[in-house]
């Protein structure tokens, strides 16, 4: 991965402006290269070879003189920011040490006013580490504005380079933890003691007490015992007096939890600062290496050793201070949480750090989809939140040695050749009498083969379609006369960007806003907190959440989010438990079903809406899709219960108990209320679009509202717009272009006669059953979106030729069944994501057998629900 990409993915977003401006410096390097090249040309022409060495020395000195000030400015900016952060964080560490000592001096619970009989809660609180840092307002270091101080370094150091990158956060938040947190911690402990006994609050020294507090007799006794027996000894621990860190009272356990969260929060801050130093040093090293290579200079060694390594962030003393701070936190955590076990303390803090990084992504699905789409990441790997799936290079069918090198002939190459040969043959053979229709038939078969085999990326095939339609003169006007290529070009492009495409972009915008502002996560965790600990209920709750999330943040983002949420649950399950694969597969299947639940949940629904005449309003869509989805989810849940017996313990004795999910206690911010308001208004307008059609024209116009509202108010940034699934947009545009080409060329008229003969004499419901089976098979083996591109026009034409014109009914049915194809690991994005989930040992949770054994029956069940209950609801609507 290029360093600019590595910096983007590893930087703390709140500190984005304070990292080295690597991309800008790289641009300056290339500018200096151009200037140097021009200077050399002039020198050669004027002075020939006599002055070459002298001029080269002057040239190097000149470029160094221009580039070094830029580096100095960046180094000064980084040093100032680091010094401010280091001073603040190390002071917090010392304050936290004082708080720990004060708490120990006050004793575990001197009055012993009540005994704690609920010892079972200890394990829950101890394991809440997985969710505590994510949900508690005392520990959220990048989300909760109440516990942060927004600072600006503009008075200290203006932006160092005029070409500074623009994809920074609008409000920079530099302090990930604050001294105010320590004050809040003391206040929390005081309130705990006051709640137990007003007089007990006197045991805790005031927040502003001096640091030179004398040791109490109890503390002196513990210290002496620790010296004799050793802190790490389990045997000796039992001989020591009971402390607040070992007591089992409600008060002591609450104090333990408060300190546990505070230490973990500060650990995240210090390790992030250490990563900040490492990334910036790598940035200087790489930009200097590039500069030396491009300008033929020798600046790197001198500047790194004599300048960079002498600056505060990069000196050994600064690194030692930071490492000592981190080690002090580990010791505090061991002292307060793990009963002196430093190794366990380090493991838990690191685990918390990994969970925090996964949880705090601005957009949950952004990294996985964005990296794969841009081709970033290590070759041969697929990065997911569940781990890394190593992909073996595709084996060649034939290996051929050629004069220009080794050629590996793969399956994709074979499919590409077959598709092209078929296309050429169909172009030169008269299958249909009309020439335009015959050429369009060749394009249709070619596109179908390319999409089905994925010989080239799907969106590339879609973009190829308008080129073929125009150059092969397929487009005709209303008088059935062939359009000229300029007129055909204007017409096909005007058709491709339809209101459906704008609706798709509006759906992406809503999904990004809900995810970036954490609304999806807040709502989901609150719902899951009600599920309890019974495996069957937890399974159904996750399926409902995955289905609901798919409705609004797409069935691409929803499974990724849910797989992140279940990680703490999976870690606490017994080895070989059936609940883990059952839960992962359940989320994938439910996310597929969620793809049919709302018009914006998947592209196939939007393609269906585009073909309907008149388009179905949102209210009627929900009236059919929601009951169908609900029934399908319940039936699939029952199927999984019978297939996996998820509650059964691996040893066959008793049932497992699921760790409960804690709801987030963060209050909604104004930004989150704003996002909710815009989303509700937009969806409401979509639902009543037919009633206000004279004012808004189409749902695509309404879709502009969230785009303007979120990007103009700063909720979403330019980078968020860049991260939209534009491949899906172009895939849909290509499908629309192909459909318009089939209609304009006259091929649809030819298909009319064939379809009329097929459906002649068949009842409407017989056609529904036949079409359902065809759609299910096709959508199982190829992309759901491609299945809808190919089959929705056919369903529309079949319906238009039947008595009663059930065109919209068949289109609606086709779109819903496209989402039920989930019998293979490659059947839809939720299945693909589920197939990559790994346990801590790197073993995949699911195999192909799991999909065949459960995915195929689930697909059949969901299809039957659509073709029976869904059909009846469609007739009523």
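Using N, Cα and C of the backbone, Cβ positions are placed for all residues, glycine too.
Quick look at what TrEMBL lists:
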COMPBIAS  101-117  compositional bias 'Basic and acidic residues'
COMPBIAS  118-131  compositional bias 'Acidic residues'
COMPBIAS  136-147  compositional bias 'Polar residues'
COMPBIAS  152-170  compositional bias 'Basic and acidic residues'
COMPBIAS  194-203  compositional bias 'Polar residues'
DOMAIN    1-305  domain 'SPX'
REGION    101-182  region 'Disordered'
REGION    194-217  region 'Disordered'
TRANSMEM  414-432  transmembrane segment
TRANSMEM  444-470  transmembrane segment
TRANSMEM  491-514  transmembrane segment
TRANSMEM  537-566  transmembrane segment
TRANSMEM  621-642  transmembrane segment
TRANSMEM  672-688  transmembrane segment
TRANSMEM  694-712  transmembrane segment
TRANSMEM  724-748  transmembrane segment
TRANSMEM  768-796  transmembrane segment
TRANSMEM  808-826  transmembrane segment
TRANSMEM  855-874  transmembrane segment
**Request:** Could you tell me whether the transmembrane segment (724-748) and the transmembrane segment (491-514) have 3+ CB pairs under 8 A, leaving out pairs under 6 positions apart?
**Result:** yes
**Message:** Counting only residues 6 or more past its boundaries, what in the same chain has a CB within less than 8 Å of a CB in the transmembrane segment (672-688)?
**Reply:** 506, 510, 513-514, 517-519, 522, 552, 599, 617-619, 622, 696, 699, 702-703, 705-706, 709-710, 713, 715
**Asked** What same-chain residues lie close to the transmembrane segment (537-566): Cβ under 8 Å, and 6 or more beyond its ends?
**Response** 358-359, 363-365, 368-369, 384-386, 507-508, 510-511, 514-515, 520-521, 524-525, 527-528, 530-531, 579, 582-584, 586-595, 597-598, 600-602, 629, 633-634, 636-637, 640-641, 646, 658, 661, 679, 725, 819, 828-830, 833-834, 837
**the domain 'SPX' (1-305) [mean pLDDT, rounded to integer]** = 63
**Asked** For the transmembrane segment (768-796) and the transmembrane segment (444-470), does the number of C-beta pairs under 8 Å, pairs 6 or more apart in sequence, reach 3 or more?
**Response** yes
**Item:** Leading contact stretch, 694-712, 724-748, 855-874 vs the transmembrane segment (444-470) - CB distance under 8 Å
**Value:** 724-748
**Item:** Cβ-Cβ under 8 Å with the transmembrane segment (414-432): same-chain residues at least 6 beyond its ends
**Value:** 397, 438-439, 441-443, 445-446, 449-450, 453-456, 472, 747, 750
**Request:** Mind checking which residues of the chain, 6+ beyond the ends of the transmembrane segment (694-712), have their Cβ under 8 Å from one of its Cβ atoms?
**Result:** 498-503, 505-507, 509-510, 512-513, 609, 615, 674-675, 678-679, 681-682, 685-686, 721
